[in-house]
Amino acid sequence: MCESMQLYFAVLRIGLYTFFRRICGKAPAAPKPTFSVLCLGLANSGKSTILTLLSGENADGIRPTVGFSIKALMFGDCFVDVKELGGSDNVRMYWNKYFCGAQAVIFVIDSASSEESMKTANAELHKALADPELDGLPLLVLGNQQDKEDARSKEQITKELELGLQSTARKWIIHTCSMKNKEEIMAAFQDFNKLLLEMKEKEEREDKTEEQDGEFSKI
């Protein structure tokens, strides 16, 4: 299913490229990279509000996501299509049904939540990351609700979520933010986008090297 969807979008991009050349007589500027990202987190962690703010929509009266929703976020250097999954108990059991095709993961927590909620967040995060579909994918952890009095620091979140246990194959970063401060959220995504672009460039270099090695082996 994932491969057929990727093939569909690849053919669509080629078609649009050909159409543009016929109409304008020249090739369009190289398209910005697009990344498919999964956004997870417990209910009321602020996932929907964060994504709504980034998309430029009105965040007033945002309701918790039931099932999933998709936001197309535009940045200066790339596009990020975010699939947000609801965080309630009766939805989390189905999270793995939506992992296919993800290229990266965002995990949002309420930094001021109870110890019990943090333990649940820890369990859900590591359960998700252990899924083969998410193996080795880059991770952004957002410690939201920093405007609350009892909000945890980056160091506390890192310890309680046991982020240090992540495989060296997985690149991860952590940022703290508040839904009242869009600049903090933007800074987190800018760092995350930089990580995604660097990994994409690395993959392209490795693919090119493999192609060259294959050509040499034929000689």
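Count begins at 1; order follows the chain as displayed.
Glycine is no exception: its Cβ is also placed from the backbone N, Cα and C atoms.
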Residue in Gly86, Gly87 which TrEMBL records at the GTP site where Gly41, Leu42, Ala43, Asn44, Ser45, Gly46, Lys47, Ser48, Asn144, Gln145, Gln146, Asp147 also bind: Gly87
In sequence order, the binding-site residues (Gly41, Ser45, Gln145) whose C-alpha falls within 10 A of Thr65 (Mg(2+) binding site): none
Sequence-distant neighbours of Lys47 (GTP binding site) in its chain (C-beta under 8 A, six or more apart): Cys39, Leu40, Gly41, Thr65, Glu84, Gly87, Val108
Surrounding CB atoms that lie within 10 Å of the CB of Asp147 (GTP binding site), all protein chains: 13
Distance [Cα-Cα, Å, rounded] between Asp147 (GTP binding site) and Ser48 (Mg(2+) binding site): 17
